[in-house]
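J.: My structure is below; once you've seen it, I'll send some questions.
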Amino acid sequence: MKGKAMTDKDIRHRSKIYDSMVKSPNRAMLRATGMTDKDFETPIVGVISTWAENTPCNIHLHDLGKLAKEGIKAEGAWPVQYGTITVADGIAMGTPGMRFSLTSRDIIADSIEAAMGGHNVDAFVAIGGCDKNMPGSMIAIANMDIPAVFAYGGTIAPGKLDGKDIDLVSVFEGIGKWNHGDLTAEEVRRIECNACPGPGGCGGMYTANTMATAIEVLGMSLPGSSSHPAESKDKQEDIEAAGRAVVKMLKMGLKPSDILTREAFEDAITVTMALGGSTNATLHLLAMAHAANVELTLDDFNVIQEKVPHLADLKPSGQYVFQDLYEVGGVPAVMKYLLANGFLHGDRITCTGKTVAENLVEFADLTPGQKVIMPLENPKRADGPLIILHGNLAPDGAVAKVSGVKVRRHVGPAKVFDSEEAAIDAVLADEVVDGDVVVVRYVGPKGGPGMPEMLSLSSIIVGKGQGDKVALLTDGRFSGGTYGLVVGHIAPEAQDGGPIAYLRTGDMVTVDQDTKEISMAVSDEELAKRKAETTIPPLYSRGVLGKYAHMVSSAAKGAVTDFWKPEETGKK
C-alpha cells in the first residue's frame, strides 16, 4: 500500500479547521444539521451524487447515496449528502439541449470541487449514472486529491419485446427503419414503450458503462462495482461498501494521486479496447489524465489499439448487453483474463489499498462456456476498435470506432452540412446515397458549443441499411450507442479554422482504418484559396455555453476548460 498511515488527529486533515474558538459561528450552523460535540471529533465525509428525476440513469442515485452514508457511519465518520447536476444524453439527443451534455461534464467537476472544497470535507464518495457524470466526478477527484471513491449507479436491465432484448438504441434505429419502410409507426411505438424498463445507465457498452468500467480499472471504484446492475443486491452492497472504503482510504493516507498513474491509464485504455468501449473514452480519459497531471495523448490510444484485441460481443456492434457481462463474471473476470495474459499492470495500487492483482484474486474467472467475451485465440477483432486517424482533414487527429464495420477503406464524395438537423433532413429525404461521406461541422467543443453527439443521425443511417455504405464524419461527437462507418472529434474543429471548415460538397474524402488516414482530395493551394474566402462565424457568447466556448480546448486535448499555458502556471 502506498501512502502514510494517519493518526486519529491527522484524519481530520481538513475539517479540523472548524475546531478553534473563532470558528464557533461555523459550528453553530453545523449543529443545525445534526452534528453534536462527539461528531466534531470525527472526519466529515461528503456523499455527492448527480441524482435527478429526469432520467432512468440517475433517478435512483439519491437512495444509493443514503447507503453510502451508512457505510461512512459504520466506519466512524460523519457523512453529509450533497447533490449536483446531470444532463441526460438520451433525452437531450437531437435537440439544442445536446449542447449542454459535454458542457455538463466540466460543470459537474467544478461543482463537486466547489461543494467539497467549500465545506472542507476530509474525503468524499461521488455517485454518478449518466455519461458525463463519471468523467466529471473523476476530474474533481483528481483535482482535489483528497481520499475519494467513485461509485456507479449501475446499468439498466434490457427491455423485452417479442422475446428479444432491446434497449434505447433500438428506438433510435427504429426511426431509420420506419423511414425506410421496414417498420410501422405502431411498431416503433412498441419498441419505445418497452426499451427502458427501470433505473440504470444505458445498457450496452455505451459511454456510461465504458467510463464506469474505466474508472474501476483505474482503481478509483471498488472491484466489481461497475458491472453490477442498478437494481441488483450487489449494487446496493457495493455502494455501502464505497462509503466504508473511502474512510479506510482516509485512515491509510491513500490519495487519488497515488492511484491515478500513467500505468493506470494504460490499463483503462486496454480494457476499453478489449470491451469495445465508446469513442467518448478518448475524450474523457484525456481530460481525467490532464486533471491528474498524467501525460496522455491521442497517440497513446493507437499504441495500445495495435496490441489489444477486441474481445467483447457487446452492443452496439454485438448482441449482448452489460448485464450479460455481469452474469458471466463482470469486469473483474475480464481483468483477470487480461492480467493472466500480460495485458495489465498487476502491481498498481487501488482504492482498496491493495494492488490490482491482489483485488482480482478474490474474483472468479469468466464462466466456462460463456459467449459474451471471446477468447484471445479467436477475438471479435485482432486489434482494438478505437482508432486515431490523421491526415489533411484532421491534422491533430480524429477518432473512429470500427467495431462491426466490414469496410476497411471508404472513398466517396462529401455532402457537407453545418448542423445535424440539416443532415438528418437530407438523409430522411433520401438525398444521401450509398458511397457518400456525410460531414457535419461547426459542432465541435467551441462550435457547438458543447460538441453534441450525432446518435440521432447515425442511428437513422444504420436503420436505413446504410451503416456500411455511408461514412459519417464530424468535429462533434458520437454516442457510445453509435456504430457504423463513423469518425468524430475531428481536430482542429471548423470553429478553430480547421481544414474541415473548408471542405465542400463534392470533394472526395478518404477514410482508411488500415493506414489510419482521413484526408480530402483538395490541394494546399486550393485550401489556401478557400480559407481566404471563408468567414468563420463568431463564437457563441451568452451564458454557460458562451463561457464554455471561450474556455474549452481542442477535442485532441480532451476538451478541457483549464488548459493553461505551462509557462503561466507550470501545469501542463
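Note: Cβ is positioned from N, Cα and C throughout, glycine not excepted.
Grabbed the feature section from Swiss-Prot, which reads as follows:
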type	residues	note
BINDING	C57, C130, C202	[2Fe-2S] cluster binding site
BINDING	D89, D131, K132, E453	Mg(2+) binding site
MOD_RES	K132	N6-carboxylysine
ACT_SITE	S479	active site, proton acceptor
J.: Quick check for the class: what is the C-alpha distance, in angstrom and rounded, between D89 (Mg(2+) binding site) and C130 ([2Fe-2S] cluster binding site)?
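T.: It is 8 Å, counting Cα to Cα.
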J.: I'd like the number of other C-beta atoms within 10 A of the C-beta of D89 (Mg(2+) binding site), please.
T.: 31
J.: Reported as an integer number of Å, what is the Cα distance between S479 (active site, proton acceptor) and E453 (Mg(2+) binding site)?
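T.: With distance taken Cα to Cα, E453 (Mg(2+) binding site) is 6 Å from S479 (active site, proton acceptor).
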J.: Whose Cβ lies within 8 Å of the mean position of the Cβ atoms of D89, D131, K132, E453, the Mg(2+) site, other than those residues?
T.: V87, A92, S101, L102, C130, T207, N280, R477, S479
J.: Taking the Cα atoms as reference points, how far is K132 (Mg(2+) binding site) from C57 ([2Fe-2S] cluster binding site) in Å?
T.: 11
J.: If you measure D131 (Mg(2+) binding site) to C57 ([2Fe-2S] cluster binding site) at Cα, how many Å is it?
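T.: So the Cα of C57 ([2Fe-2S] cluster binding site) lies 9 Å away from that of D131 (Mg(2+) binding site).
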J.: When DSSP is mapped onto helix/strand/coil, what comes out for D89 (Mg(2+) binding site)?
T.: helix
J.: How many Å lie between the Cα of C57 ([2Fe-2S] cluster binding site) and the Cα of E453 (Mg(2+) binding site)?
T.: 18
J.: Taking just the CA atoms, what is the gap between C202 ([2Fe-2S] cluster binding site) and E453 (Mg(2+) binding site) in Å?
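T.: Counting only the Cα atoms, the answer is 15 Å.
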J.: Apart from C57, C130, C202, which residues in this chain have a Cβ no more than 8 Å from the mean position of the Cβ atoms of those residues at the [2Fe-2S] cluster site?
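T.: Not counting the recorded site residues, we get T55, P56, N58, A88, D89, G90, G129, D131, I156, G200, G201, A208.
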J.: Taking DSSP as the reference, which of helix, strand or coil describes C202 ([2Fe-2S] cluster binding site)?
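T.: For C202 ([2Fe-2S] cluster binding site) - judged by DSSP and reduced to three states - the answer is coil.
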J.: With every protein chain in view, how many other Cβ atoms are within 10 Å of the Cβ of S479 (active site, proton acceptor)?
T.: 29
J.: If you run the three-state DSSP split on D131 (Mg(2+) binding site), which class comes out?
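T.: DSSP call for D131 (Mg(2+) binding site): coil, neither helix nor strand.
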J.: Three-state secondary structure of the residue listed as 'active site, proton acceptor' from DSSP?
T.: coil
